[in-house]
Amino acid sequence: MSPSVSGPPIRRIKSKNILSRPDHSDPLSLVLQPPVNETPNEKQARLQQERQAKQRSDEIDRFLKQQDDSASHELPSAVSGSAEATGNKKGRVYKMVLLGQAGAGKTTVLKQMRLLYDPQAHERERQGWARIVLLNLISSVRVLLQTLSLYHDQRLERKSGEMSRLEGNALRTGEDADEATRMELAREVGPKNEINTSSMPWTAHIPKFVQLEQALRSELGAFGEDVHLPGHSDTANTRMASQANSSDIRYKSGDKSPLLLKPGWQARLFTYARRSFSSAQATRDGARREEGVSSDDHSDESVELLRAVQAEVLALWTDDVSCRALRKRGLFLDGQSDAATSYFLDSYSRIVESAYEPTDNDILHSRVRTVGVTEDVFRVDRSLIYRIYDVGGSRSQRAAWAPFLDDIESIVFLAPLSAFDQPLVEDSSTNRLADTFTLFNQIVANPLLRHASMILFLNKIDLLEKKLRQGVRLQKYWPEYVGDNDFEAVWRWFRAKFRDALRRAEDEARLDQGQRRRLYVHTTVATSTVQIRAILMSVKDSILRENLRVTGLVG
Ligand SMILES: Nc1nc2c(ncn2[C@@H]2O[C@H](COP(=O)(O)OP(=O)(O)OP(=O)(O)O)[C@@H](O)[C@H]2O)c(=O)[nH]1
Ligand SMILES: [Mg+2]
């Protein structure tokens with residue numbers, strides 16, 4: 001588990017203290033801490049950067065204080081870290097929040113917004129993603145090897161049971177078991193019914209991958225995401241589930257001091273992560289020089305290992321019979337982050353090249369879990385500016401949402417439809433999509449959020465379509481579903497369920513017609529730039545339309 005997930009619930013830290021007062025129990029603070037052995041030049045550069053970040057943050061606070069609810073505003077040029085992105089022109093500032101469970105695709109939508117509305121910032125951060133992509137590839141290979149190994153173990157155990165049964169039968173009846181079958185089973189199972197793994201030499205790489213992944217994760221801090229193996233229980237998950245549950249979201253206004261990362265946090269994270277990598281390297285180099293060992297760092301080591309086993313792993317991924325069987329059974333489809341597993345394994349050769357530079361797609365597919373709440377500001381056009389919050393979606397993170405919701409004008413809720421057959425990572429007894437519905441119900445029923453327009457993204461429909469095509473039946477997980485197991489029928493059924501939930505909440509609140517909200521629904525693939533661009537245009541239209549409706553200019 002990532003350290004923040006298994007650690008204590010979100011602590012209330014004033015955002016301004018994040019950089020100046022490191023807290024050793026908080027993984028984000030650890031990530032943002034200056035390295036112990038920084039040089040005077042590095043220190044000077046760091047202090048300068050922190051001053052600029054603080055200046056930007058203070059400017060935003062001042063700007064927020066000045067603004068009233070809906071008038072036109074002058075936006076400070078420092079906002080979003082890019083004068084080009086927001087300009088100095090006036091514009092209506094529109095407050096939005098991305099909500100949904102962990103892994104729903106919120107940050108992916110935010111990355112798309114960055115690509116569209118602030119491409120310069122996106123470009124500046126491109127190189128910073130390289131290590132995160134590397135971590136995603138390392139964990140994808142680790143998941144592949146461990147899953148295959150688990151699959152083979154189970155298969156051989158089954159065969160070993162079969163062989164004992166055949167031999168038992170032969171003894172009882174005095175007849176010899178079918179010799180050919182017995183020989184084949186004995187060959188696979190090995191002597192004395194022990195599992196024979198000599199035909200799987202790649203299992204020897206697993207410990208090294210586990211170790212490197214852990215090292216990279218601890219260098220990256222809280223932002224790395226664990227990949228969960230099918231059938232693996234996780235005590236940290238269980239612990240977290242008992243610490244917090246979905247009813248923990250308390251909507252009250254006031255204190256906005258939970259962990260808030262202000263605009264530009266991505267660049268700061270990458271700078272600090274890079275520095276912590278290099279300081280760790282310097283320490284290791286010193287130790288290694290004394291031991292006469294050549295210098296190295298975890299990312300170089302990771303690339304070396306990936307190159308060494310590349311042919312072997314790719315042969316498994318593309319050709320191996322059992323791997324094909326696993327893919328067919330949907331095991332690499334979308335187990336929280338194994339959607340990315342396929343993507344990174346398919347991109348393996350490109351990522352380990354020496355001239356590798358992360359592509360937009362690599363960035364969009366990289367899993368970086370959100371810690372606390374992040375804030376970004378985008379100029380959408382001459383008259384409209386989005387101030388947008390992205391939140392950490394796991395149950396333990398939801399308590400941090402409350403202070404950001406009371407004056408929100410629009411909620412973009414992400415529902416990962418492909419998760420209909422998956423357990424929630426935080427609580428394996430809950431279906432992921434059922435958790436999404438619980439969350440949606442809480443949000444639409446809350447009186448404090450009634451003024452916010454509701455935009456629903458039925459997300460991950462590419463994975464939903466694949467799953468249904470491969471024969472995973474919705475009815476098995478959602479027994480009340482009686483329709484065909486085809487994509488069109490399924491997403492329409494889910495859309496109706498969300499609409500019903502909103503209608504029911506408004507009926508219960510006895511709202512009159514004028515107070516009722518329209519639910520703007522889009523089916524989305526958050527990783528598809530072309531599709532999300534078109535949808536963001538449509539979202540902008542609905543925001544403008546909703547705005548006119550609220551101001552009474554249209555009915
Ligand atoms: N195939 C596919 N992958 C998606 C889609 N949307 C998101 N993903 C992937 O799903 C993973 C999780 O997405 P995130 O955007 O990080 O999820 P999140 O809602 O921000 O999660 P938290 O930060 O933990 O709350 C990433 O690897 C994304 O690339 C989609 O529509 N299709
Ligand atoms: Mg996120």
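Here the Cβ of each residue, glycine as well, is placed from N, Cα and C on the backbone.
Annotated range for region 'Disordered' in TrEMBL, selecting from 146-172, 173-199, 227-253: 227-253. Binding of GTP is annotated in TrEMBL for Leu364, His365, Ser366, Arg367, Val368, Arg369, Thr370, Asn459, Lys460, Ile461, Asp462; the matching candidate from Ala204, Ala215, Ala526, Ala534 at the same site is Ala526. Given the ranges 67-86, 107-126, the record in TrEMBL names 67-86 as region 'Disordered'. Under DSSP, Val368 (GTP binding site) is assigned to coil, being neither helix nor strand in the three-state scheme. In this structure, none of the binding-site residues Leu364, Val368, Asp462 sits close to ligand 2 with a C-beta under 6 angstroms from any of its atoms. Following the DSSP three-state reduction, the secondary structure of Asp462 (GTP binding site) is helix. Taking every pair among Leu364, His365, Ser366, Arg367, Val368, Arg369, Thr370, Asn459, Lys460, Ile461, Asp462, Ala526, the residues listed as contacting GTP, the largest Cα to Cα separation comes to 23 Å.
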